[in-house]
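Peer 1: Structure in structure tokens, see below.
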Amino acid sequence: MRFSANISTLWRESPFMERLQRARAAGFEAVEFWWPRGEDLQQLAARVRELGLWVVLFNFDAGDMPAGDRGLLSDPARHQGFREHVPVALELARALGCRRLNALVGLRIESLPLEEQLELARQNVAWAADQAAPHGIEVLIEPVNTHENGPYLLPTVEEAVAFIRAVGRGNVRLQYDLYHAQVMLGERPREAELLELFDAHRELISHVQIADWPGRGQPGSGSLDFQQILSALEERGYAGYVGLEYIPRGVGTDESLRWLPREARAGDARPSQILLAEGR
């Protein structure tokens, strides 16, 4: 099992470029992030190489996330901006050696028929996937919960899977965020159901992300049983990365990582290492 630090949610107390160094200093070899708006992309690529980091995934530009945007590609007034952005994102991916780009599909626009909006999203994802395919890059689709993110078009895993199948491109796959799935499942921990979803769609899953629930904090800050979840992923032979896309609760980022011992932050880790440190 391998872990990647999401530097868009971790080390927020530091400027974006400094978070790369902080992730490396904390013992991580792999990172991921949302689109780095306002950053110098050449400097970013150079810094990643200098630190010897591996970028396992980053998001396409999804608009102004703090202001509530969750993707541009299903909005008739903005989707052309997504198409203009795709070559820039692919150039960065090639510079970083990154093979997964996550595409948030956007929020429901009530003035448009739902199917019209979904069809626009499908067309844009298919187009982006066709641009990415010659470079061996996957386009990922992520279900995002509607309780915290507005009327996102694909809030459930089942809806995201149906969307992926309708797009019909072999390099369009699923990003499975267990936190978003848990929020959509209900008001108690649903570890068994989370694992059933994993089993049902395993062949489409290219990346997994975790955060505890409720609160989206570090493992151990909420109610999810990560002993069960992470051990089950290992038993099922999941060989991808597990992205730490949580927001530290009650402590700084470095302290929030105490559940994951330093020797487990790079390379291949065993759930037994993690759980001993987590103290569950």
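Note that Cβ sites are derived from N, Cα and C of the backbone, with glycine treated the same way.
The active site, proton donor/acceptor annotation in TrEMBL covers Glu142, Glu245. Summarising the annotation, TrEMBL assigns domain 'Xylose isomerase-like TIM barrel' to 20-261.
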Peer 1: Measuring Cα to Cα, how many angstrom lie between Glu245 (active site, proton donor/acceptor) and Glu142 (active site, proton donor/acceptor)?
Peer 2: 13
Peer 1: Report, as a single number, how many Cβ atoms besides its own are within 10 Å of the Cβ of Glu245 (active site, proton donor/acceptor).
Peer 2: 25
Peer 1: Would you mind checking how many other C-beta atoms are within 10 angstroms of the C-beta on Glu142 (active site, proton donor/acceptor)?
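Peer 2: There are 22 such Cβ atoms around Glu142 (active site, proton donor/acceptor).
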